[in-house]
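Enquirer: Just passing along the structure, written as structure tokens.
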Amino acid sequence: MSVSDTSFRDSRLAFALRQGGGIVLSLAATLLGLLLVTFFIGRVVPIDPVLAVVGERATQAQYDAVREALGLDQPLWKQFGIYVWDALHGDFGQSIRTREPVVDEIRRYFPATLELATLATIFGVIVGVPAGVIAATRPGSLIDQIVRIVGLMGYSMPVFWLGLMGLLLFYGILGWVGGPGQLDAGYQMLMEFELTRHTGMILLDTALNGRWDMFANALSHIVLPAGILGYTSMAYISRMTRSFMMNELGQEYITTARVKGMPEWRVIWVHALKNVMVPLITVVALSYAYLLEGSVLTETIFAWPGLGSYITDALFAADMPAVLGGTVVVGVVFIGLNMLSDILYRLVDPRAK
Amino acid sequence: MSDLLTIRDLRVTFDTETGPVEAVRGVSFRLGRERLGIVGESGSGKTITGRSVLRLIRPPGRIEAAEMTFDGIDLTRISEREMRALRGPRIAMVMQDPKYSLNPVMKVGAQLTEGLRLRDRLGAAEARRKAIEALEAVQIRDPERVMEAYPHELSGGMGQRVMIAMMLIPNPDLLIADEPTSALDVTVQAEVLSILDGLVRDRGMGLIFISHDLRLVARFCDRVLVMYKGRIVEEVAAGELTRAKHPYTQGLLNCLPRIGGSRAPLPGLDRDADWARA
């Protein structure tokens, strides 16, 4: 037995390595494709990158000098090589508006989006999964109808409308939450001087600095945008959970668990949910990725200094390095989350190993 | 011998969009600590009859019976909670295909021990020891490894033995075996059957053996009920199968080939609408 046992393990390891290699390879290919697309977008838009740097009144000599400095006199394939090389080293060029490296700006903006999207997704999972499960166990009941209608509203009502109505009601009329922005104006000033930005995420940073007054203020500002994004995410997650759950509850192993006399909570929340988790991981990861792309509308309405606002503002200013840098970051986040869900999927489903 | 199970006029109805469909229509039988076979073709109601005893018919199915008593307990009256206390320790069921009837994402060990841990409140080590004993009882040679395996890593025969072990751990009084070997390779069918047979005999439990294979059932059971379209059309003692009178039973017997028998085309199964009537 020991012989067969070790070979069994060896082949398993080899298999895992092969799979891991496959993932890395497909990751690299996807990344290269992404860079290729952004590179060509950068070349075909009718914006002269040299002109954007030197301005309209530059002399031909100045123009040529910058053109050379940007590498635009090189053949296209070489330009692409330089672009990929730079991108791999975290260099997406300079923002035309601010003259700052794009990567530094993204580093400043992205945490705000990350924080918002993470809170929203946590909300979506914590509310959406149980709601979907409960709806699936009582199909056609009142609670199922409520989950269905609330969910339907969640993904059919435009988020900018929800955002405006939310602001009007909870901020304007009731005064329960903070308004647009990450902090009240007074705190915003203080933040510049008194807060060490460890992570760039406002809740974490205020907590890490022990500024609980600021933390409470930040919380009152994030709760509405996170709640609204979380609502749309919850709507999707609850619908998907319900349908996955319905499917699992019809399976024979569920009958087995009942035949064993297992209580209903265990049948549903352990036996069935473990199986629901498998497809649900992909759903949650995709919904998270979608929010991480920067919810442009939500960030605009709530004056949230995130990636969505950053890319939109850059676009209006024809700041191509910033737009493309932001796009690459979004793409990388998307690819990364896809890979993560692939790995998690393998952990949860023993058959996928 | 007192009866373990008495069923009188069992009816199972499914309300569908095209009106109610009666899957089981007035089935009555009594069972002691003996082996009862239920035979019939697909859709004859044999599986539904078995699951009715456990009250595991999913809505929109409805179970009605003039009497359904298990060991003096009125199964039509007791609450779901009381019913749950019977499932497992008193009545258990082995299903057709271990590929579907074992939870694919739980280790075999976890599935075997959960009843012991949850119901009998045993510690992890004690539950594990009992589960390994149960696996040894169904002649699994390396139980330690099987405990750590996931169902998809087992062969069909292994899976079904795990299933039998799992159902027999709490030592039930009645076991319902619903086509327990139909999904298995012919070569392991006999093995699994003899294991099941031995355990049921040793522990003196009642057995309802559901199958479409009349000869197989006759080998393992004392009595055989033949079902057709939700009704029992004939009851025969297993030894007197050849003397079965009902044409449907004879049809079931004759539709199987025999080694060394005549090579003439097998007769089709006669289905007379009259047999389905009361």
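Using the three backbone atoms N, Cα and C, a Cβ is placed for every residue, glycine included.
Relevant sequence annotations retrieved from TrEMBL are reproduced here:
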TRANSMEM  A:21-41  transmembrane segment
DOMAIN    A:110-341  domain 'ABC transmembrane type-1'
TRANSMEM  A:116-137  transmembrane segment
TRANSMEM  A:149-174  transmembrane segment
TRANSMEM  A:218-237  transmembrane segment
TRANSMEM  A:268-291  transmembrane segment
TRANSMEM  A:322-345  transmembrane segment
Enquirer: Would you say the transmembrane segment (A:268-291) and the transmembrane segment (A:21-41) are in contact under the rule of three or more C-beta pairs closer than 8 Å, pairs 6 or more apart in sequence?
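Expert: Answer no, regions not in contact.
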Enquirer: Determine which residues of the chain contact the transmembrane segment (A:322-345) at the Cβ level, with the cut-off under 8 Å and only residues 6 or more beyond its ends counted.
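Expert: Result: 23, 27, 30-31, 34-35, 38, 41-42, 87, 92-93, 95-97, 102-103, 105-106, 110, 278, 281-282, 284-286, 288-289, 292-294, 307, 310-311, 314-315, 352.
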Enquirer: Report, as numbers and ranges, which residues of the same chain sit near the transmembrane segment (A:116-137): CB under 8 Å and 6 or more residues beyond its ends.
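Expert: For the transmembrane segment (A:116-137), the list is 143-144, 147-148, 150-151, 222, 225-227, 229-246, 249, 268-269, 273, 276, 280, 284, 287-288, 291-292, 295, 298-299, 304, 306.
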